[in-house]
Amino acid sequence: MNLIAHLEEFTLLEWILFSLLSNIALYLFSIGLYIVIDQTCAKQKIQDEAFPVTPSDVYLSLLTVVLNTVVMLIAVYCWKIGWLEYNESATLAVSIVEIIGIVLVMDFLMFVFHYLAHSPGLYPLLHYRHHEHSSTNYLSLFVLHPFETLGFGLMMITVFICYDFSITAIAAYVFINLVWGTIGHLNREFFPKWADRLYVGTTRFHNQHHIDERHNFGFYTSIWDRLFRTFKR
Ligand SMILES: [Zn+2]
Ligand SMILES: [Zn+2]
């Protein structure tokens, strides 16, 4: 029996456990990846000091893991009721094109909603907690207001509902998002110099947003910030 056929047989309890364990694994993978790159990367630190890890950030990051589990269960529910369908016959080439498509669409949506999250009405309600990290650490990616986590998850599910992507493309995007988020919050530039010229959203690009909140609202790319003149190197 293949994995998808096996998953179709899952009970609600099995789905809850599967989603929770998957999200705990992704959380630990992100922290591990962060520490390994930080310890092995020879490049200079971007900021002198990493933001200290506090108990309240640990609790909030664990809440983010629980909410990501809820998002995954909502996606499963949408799949069960037929709203979210996936393409079973996509070739690898089609999946690669789909991954690029998802990244670009999500990049634009994240730019728009991130920009809005910085409006005076929403910022103190939604986004200030992430920006308490004036410099970053291995938990910064997960230090988010619960509405931010749910908002991102629902936005992603909406994109998946709008088009029947392959399971490969969906899984790859979720993984790329985690790795990019981890890299984006490092305190050392992960990307080579030329990445900036290709409009990649580098580590320094997002770190600059933590230093100066009026710039760099994009995430995977700097395209939208360059276009709307909010880009800062
Ligand atoms: Zn950040
Ligand atoms: Zn922000």
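Just so you know, glycine gets a Cβ as well, placed from its N, Cα and C.
Per TrEMBL, the feature transmembrane segment maps to 15-37 (among others). Cβ atoms under 8 Å from those of the transmembrane segment (15-37) belong to residues 7, 61, 65-66, 68-69, 72-73, 76, 138-139, 141-142, 178-179, 181-183, 185-186, 188, 190 of the same chain, restricted to positions at least 6 beyond its ends.
The feature transmembrane segment is assigned by TrEMBL to 58-79 (among others). Listed by sequence, the residues of this chain that lie at least six past the ends of the transmembrane segment (58-79) yet keep a Cβ under 8 A from its Cβ atoms are 15-16, 19-20, 22-24, 26-27, 85-86, 129, 139, 142-144, 146, 149-150, 153-154, 156-157, 160-161.
Among the features that TrEMBL reports, transmembrane segment is placed at 91-117 (among others).
The domain 'Fatty acid hydroxylase' annotation in TrEMBL covers 101-230. Mean pLDDT for the domain 'Fatty acid hydroxylase' (101-230) in the predicted structure: 95.
Annotation source TrEMBL lists transmembrane segment at 138-161 (among others).
Feature annotation from TrEMBL assigns transmembrane segment to 167-187 (among others). Long-range contacts of the transmembrane segment (167-187) within the same chain: residues 4, 26, 29-30, 33-34, 37-38, 41, 45-47, 50, 86, 88, 90, 92, 95, 98-99, 102-103, 106, 135-138, 140-141, 160, 201, 203, 205-207, 219-220, each at least 6 residues beyond the stretch ends and with a Cβ under 8 Å from a Cβ of the stretch.
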Tertiary contacts of the transmembrane segment (91-117), as residues 6+ beyond its ends and Cβ separation under 8 Å:
123, 126-127, 148, 151-152, 155-156, 159, 165-166, 168-170, 172-173, 176-177, 201, 217-221, 223-225, 230
